[in-house]
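Please read the structure below before turning to the comments.
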Amino acid sequence: MYILFILVLLGAGAALIAWGMWMRRRLPVAAGALLVAGTLAFFGFLSFWGEYLWFAELGYTARFWTATLARSISALVAASLGGLLVFLLTRPARSLGARRVPTLLGAAFGALWGFFGWEVILRFLAQVPTELRDPILGRSTSFYLFSLPFYDAVYFLLSTLALLALAGAAVDADLASARRTASDPAAAPPAEQVTGPPADLPAERAAAPDTAPPAAGAAPAVAARYRALFFSLGALALVVAWGRWLAAYHLMYSSWGVVVGPGWTDVHVRLPATRIVAVIAALVGVALFLPPVQRALCRAAAVERGAGRRALARLAALPALLVAVPWALGMHVLPALVQWLKVVPNELALERPYLAHNIAFTRAGFRLHDIEVTEFPVSDRLTRQTLADNQELLSEVRLWDPRALDAVIHQFQAIRLYYEMPGIDIDRYAVGDRYRQVMLAPRELDAENLPREHQTFVNRRFKYTHGYGVAMASAHDFTHDGQPNLLVKDIPPVSASPELAAERPEIYYGETTHGYVVANSREPEFDYPSGSENVYTRYAGTGGIALDGFFRKLLFGWKLGGTSLLVSGIPTDDSRVMFRREVRERVGAIAPFLALDRDPYIVVAGGRLHWILDAYTTSSYYPYSESFFSAEGAGMNAGRAPGDAGGRAEFTHHLRRANYVRNSVKAVVDAYDGSVRLYVFEPEDPILQVYSRIFPGLLLPREEMPAELRAHVRYPEDFLLAQGLVYAKYHMTDPEVFYNQEDLWARATEKYYDEVQPVEPYYVMWKPPGEGRPEFTLILPFTPKDRQVLIGWIAGMSDGDDYGRMLAYKFPKDTRVLGTQQMDTKIDQDPVLSAQLSLWSQRGQKVIRGNALVIPVEDTLLYVEPIFLQADTAAYPELRVVVVMHGDRMSYASSLDAALRGLVEGGPPPTPAAAGVPGVPAAPGARGVTDGLAQRANDAFASYLRLLGEHRFHEAGAALEALSRTLEELEGPSALLDER
């Protein structure tokens, strides 16, 4: 309806204007213009005011007005300067159109440049000094981060304006040439436009040679006629000169030769050549403003013989050649010759100092200069005492693979078809007296999952407004039938501990909450299902914008594209409209200068649900630093298996092409009221300091973050992956080793299903040397390029004062440390276990390999890999086998404790049956295992009857499947054991 109303008003205005022009009456024209302008202005104001109300609701009006005023002032100033510059350059033009059109285009382009470039301008004006300087030109890093981007933007503006002026001057010159030829046919250049003398010329003129000199004063007149063209060419040459001067600083990002940044050829050849070309272009530009030079160029281009287009092209080509020839020789030909003849034969000796600069600045750009490097003396000792001393760590080893748990949680905890559980988040919580690693899944509501006939306007906007609670599982524990041990489950949420309870489990703002909703309307909001009934609620928070009054309903009906919102009559003056409910979109609207992590994670704290989103400050202007995109090619791709898409690296696009990255901000979004807080975790980051100046009060110090939330900040997976892919190459700090690339690393690989893929960073509970208890740590293991043995790993710490510490552990090169893929190989080569896995597959069950985790335990490494089974008829897997490995010895069982006991007790690896692996019956005489299976069958049958009576049919079906599997196990020896 809004669009139709606008079209009617615009059509009426256009009709008035057309009728007034037809009748030559000013009043209808003015009225039509006023109607058109008023319509556009009114609806533009509605959009503008809607944005203001959104920022005001969040308490960020200062942020809104700062950006709005900066955008408006930048656009106004740039439009004025752009129009004025083009006007001055084209003023000598004789054609009115050649003056006005370029001037208007220059003003319009300047307005667009200022409107979209306001951040670059403010960063330049608010920049902070830094102490670190580049070793070649002596400029501080703040110059590269803040001044150079601004100068580049101004260069782009000025070059575009100069080209607009040149286009206008060229059109004017062409028109002048046409007018002169039309008024005086003899002015046409004989060699270009005619094949002989005109028939109507006198014989003496026809016989005159083509090279006859022009009459006195002709050159000054010709030069004056094309003054606008000379002015525009001169201005363009001056802009090129400035661009060439800036190009000297862009050598900091040169990829010429083996060095990222200026190498020997760049410093000794290209840098001087760049400055020489800049001086030549400046001299040419100044000269083009001088009348004697203009006249000389006219004579050289033979313009006085006739200003045809070829002559005008010659006029423009002469000064262009004066700049282009030195540019080509100095920037391309000469450097190539020097590189070939001098540098390549003695490359390492000449490039050594520049390689050292590249290494140091790249490490600083990715915060690798603070990494704590330690040699890890891998011991081959793992005893019962080692396990006993590290029981707290081993009791929290992550056995559940997030990908497997996601399917289980979605199957049993989504409850209803309209709930969506977008993914698994890994965190840690203090539960009683234990520090536990857990995995959470928020239960969001997506009205698009309703049956199509129920996806009505009322349901989508007023009734189904929010999700409800989370499902939380221990990362370590599982039940006897291979299901996760849920610490928080069901609706209403049932918590295993008071610390995990949420008084406000509603999720109005989430990871997949798209579209707007209206709370507190005349329509009761669906809260959660209770058996065959539904429970309804009314919103009691402060989130959203009050729809008090007709104007606001009109405003948000227009802004949100919902005519029904205006005419439905469902909203009241107490209703609150909520939009931009998706966490990344919400934070991005407030802080567009931050690069946002792909995956916000949910936290239960203070009785409420919160989202924490990692945010990054990035730049591609850090001097002498290799960008993440190119480092990725050297680091990640070296460890990628054929056909692999790169895992999580595909999601780090927000960091690509950056050569400076800091995880500077943690954004916290309340899931109930949508409030957003941005906390600073890298106060020394100069980019963040600049934005703190631009937007005072927007960024809060880390100390103001509530303690219950600060306990859940974690080292980001995307950040560690980006750092790791760079570190795979830049852990080599010796220029000679770096030059030869003789110690290049790659991500370790693992097997998931039947595919080999790079290991993603994973969280573990790990006790660093000298610490009293295990800490929540993010780990990424590495192998040498094209090999499978481990060479080292990096870790990002998350707990307490250790947050942000980055550690690197390197293994002795004379010690063979098995890699994660070698563990998979050992499993495949084990005659008993591999045969059992094959048998399961033949029986119609999918065998799913979980994450192969490398767990540091004191001075040794323990390898753990869970194995899941999923029947073809089931939608979820079950954890069936835990495989552990230490050195060359492997053990497996139905639990981690049993597998560890088998590992330290010695002897040959157990058979799956002897290990108590579910689904593998014991040999005759194994009475204890048979009794256990019988008890499991009784428990499954009792559970089935109970769940059936409670009308919990999904869970009852799962219990029935468990009963069926247990009965099959009781039937007798498997085919595998019969063969043995």
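Just so it is clear, glycine is given a Cβ too, placed from its N, Cα and C backbone atoms.
Look at TrEMBL and you will find 182-212 tagged as region 'Disordered'.
Annotated transmembrane segment per TrEMBL: 6-22 (among others), in sequence order.
Outside the transmembrane segment (29-49), and at least 6 residues removed from its termini, the chain residues within Cβ reach (under 8 Å) are 2, 6, 9-10, 12-21, 554-555, 558-559. Sequence annotations record features per position, and here TrEMBL assigns transmembrane segment to 29-49 (among others).
Feature annotation from TrEMBL assigns transmembrane segment to 69-89 (among others).
Among the features that TrEMBL reports, transmembrane segment is placed at 101-125 (among others).
What TrEMBL lists as transmembrane segment is 153-171 (among others).
According to TrEMBL, the transmembrane segment annotation covers 228-252 (among others).
Taken from TrEMBL, the feature transmembrane segment covers 272-290 (among others). Non-local neighbours of the transmembrane segment (272-290) in the same chain are 230-231, 233-242, 244-245, 247-248, 251, 297, 319, 322-323, 326-327, 329-331, 334-335; each lies 6+ residues outside the stretch with a CB under 8 Å from one of its CB atoms.
Residues or ranges marked as transmembrane segment in TrEMBL: 311-329 (among others).
The transmembrane segment (69-89) and the transmembrane segment (228-252) are in contact, since at least 3 Cβ pairs between them lie under 8 Å (pairs 6 or more apart in sequence). Sequence-distant neighbours of the transmembrane segment (153-171) (same chain, 6+ residues past either end, Cβ-Cβ under 8 Å): 78, 82, 85-86, 89-90, 93, 95, 97-99, 101-102, 105-106, 109-110, 113, 117, 120-121, 226, 228-229, 231-233, 235-236, 239-240, 242-243, 246, 312, 316.
Outside the transmembrane segment (101-125), and at least 6 residues removed from its termini, the chain residues within Cβ reach (under 8 Å) are 67, 70-71, 73-83, 85-87, 90, 145-147, 149-150, 153, 156-157, 160-161, 164-165, 167-168, 592-593, 687, 690, 694.
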